[in-house]
Amino acid sequence: MSPQTETKASVGFKAGVKDYKLNYYTPDYVTKDTDILAAFRVTPQPGVPPEEAGAAVAAESSTGTWTTVWTDGLTSLDRYKGRCYHIEPVAGEDNQYICYVAYPLDLFEEGSVTNMFTSIVGNVFGFKALRALRLEDLRIPTSYVKTFQGPPHGIQVERDKLNKYGRPLLGCTIKPKLGLSAKNYGRAVYECLRGGLDFTKDDENVNSQPFMRWRDRFLFCAEALFKAQAETGEIKGHYLNATAGTCEEMMKRAVFARELGVPIVMHDYLTGGFTANTTLAHYCRDNGLLLHIHRAMHAVIDRQKNHGIHFRVLAKALRMSGGDHIHAGTVVGKLEGEREITLGFVDLLRDDFIEKDRSRGIYFTQDWVSLPGVLPVASGGIHVWHMPALTEIFGDDSVLQFGGGTLGHPWGNAPGAVANRVALEACVQARNEGRDLAREGNEIIRAACKWSPELAAACEVWKEIKFEFEAMDTL
């Protein structure tokens, strides 16, 4: 190497390792309206200061790497780097901190949840300086929201398509989830829809197995729902699961569903992936299909309190990627969900503008501008005695989904559906009359039993069934 070359290499570049906090911890930074803001729950390794840990998260999820590189001089790191701008200790926890990070919008591809997550959570969670890391919330700026189509149709358009107003929608997951032939599966669908449900549903792992190939299932389910529609005079739907091993196969199934004339298809958005989900959502918008989303695999990501991604972030990501329904817990059933936290992300799914409210786990004010809303689906271990609480907790813009709570009725599927519909109508009427569902719920259900033998039988079967475990998802 010539002396001249050595001189040039030494100007403006000093090799070596620097503390992250020197460049990426900026407590004086004033966030911009266009920044994506993240709240991380950080547990540093012993001996690592919280400022260094927060700065490391900002660096490793944006422009930083473990050492200084000479190509840093070829761009403006101040323009593109993430910045840890605020740190606060977590009340009641040792060595846990909420670190707030701001990311410039130019770091992200427009309309791509895949790219957003690859940047923010793709690599940093394995960082050795951190004992644990959890993404608690994101603030998506309106300028980025507007690059997404979002849900194919949204709440109001769905109600107009179904011609159903003023109450929650009722659904049922067909059980057993695996093992039925396509014809017997279709028979169960017909009985549930004829009995008064609005929807029936493929379970998340019903795809195209040897005992029931997807095309056969689609045909028998379409026949069932059209027959139920003709008999009841109500529009019916069955969530036909289009999830597949490839995007091409997924789209083939969605196209076939559209050709059958059914109103709705389904996708497992986490196991299927955000790229596949967004592709399907765009197709559904263009072709008049509603899109039901199952969150299979979510608890692997969001169950631990100090590591992973909170479901409110996954819910926001789904609203951006696209879906008209998504499972959101029940508060009262067999699956995880603390009331205030659940209602926090339910509002993030449905409402246009949500204020910051730390008591419900909402770290940032979120403005969705014109992005359509998503119906939350309450499903998992619920039955007729839960109907007053579910109606009171979730309100009209929701789907209440009873699998075993329909199919487990002692008289069969159709009476099980009748029992759920009667219970729902009784609760909605009582609420509209000004009665307190939380206090008078059992009385309302017992009164309805007097004129519905199907409901009376259901109440007798499930009167002792409770799932009383402490929720792990707490503040």
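Backbone N, Cα and C atoms are what each Cβ position is placed from, and that goes for glycine too.
The annotation N-acetylproline is assigned in Swiss-Prot to Pro3. Among the features that Swiss-Prot reports, N6,N6,N6-trimethyllysine is placed at Lys14. Under the heading substrate binding site, Swiss-Prot lists Asn123, Thr173, Lys177, Arg295, His327, Ser379, citing sequence analysis as support. According to Swiss-Prot, the feature active site, proton acceptor maps to Lys175, His294. Among the features that Swiss-Prot reports, N6-carboxylysine is placed at Lys201. Per Swiss-Prot, Mg(2+) binding site is recorded for Lys201, Asp203, Glu204. The feature site 'Transition state stabilizer' is assigned by Swiss-Prot to Lys334.
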Site extent for substrate (largest Cα pair distance over Asn123, Thr173, Lys177, Arg295, His327, Ser379, Å): 36
DSSP-derived class (H/G/I helix, E/B strand, else coil) of Arg295 (substrate binding site): coil
His294 (active site, proton acceptor) and Asn123 (substrate binding site), distance between Cα atoms, whole Å: 26
Inter-residue C-alpha distance, Lys201 (N6-carboxylysine) and Lys177 (substrate binding site) (nearest angstrom): 10
Non-site residues, in chain order, whose CB comes within 8 A of the mean position of the CB atoms of Lys201, Asp203, Glu204 at Mg(2+): Thr173, Ile174, Lys177, Asp202, Asn205, Val206, Tyr239, Asn241, Met266, His294
Binding-site residues compared (Asn123, Thr173, Ser379) - the one with the fewest other Cβ atoms within 10 Å: Asn123
Neighbour count (Cβ, 10 Å) for the residue listed as 'N6-carboxylysine': 29
Rounded Cα separation (Å) that holds between Ser379 (substrate binding site) and His294 (active site, proton acceptor): 10
Those recorded positions of Thr173, Lys175, Lys177, Glu204, His327 having Cα within 10 angstroms of His294 (active site, proton acceptor): Glu204, His327
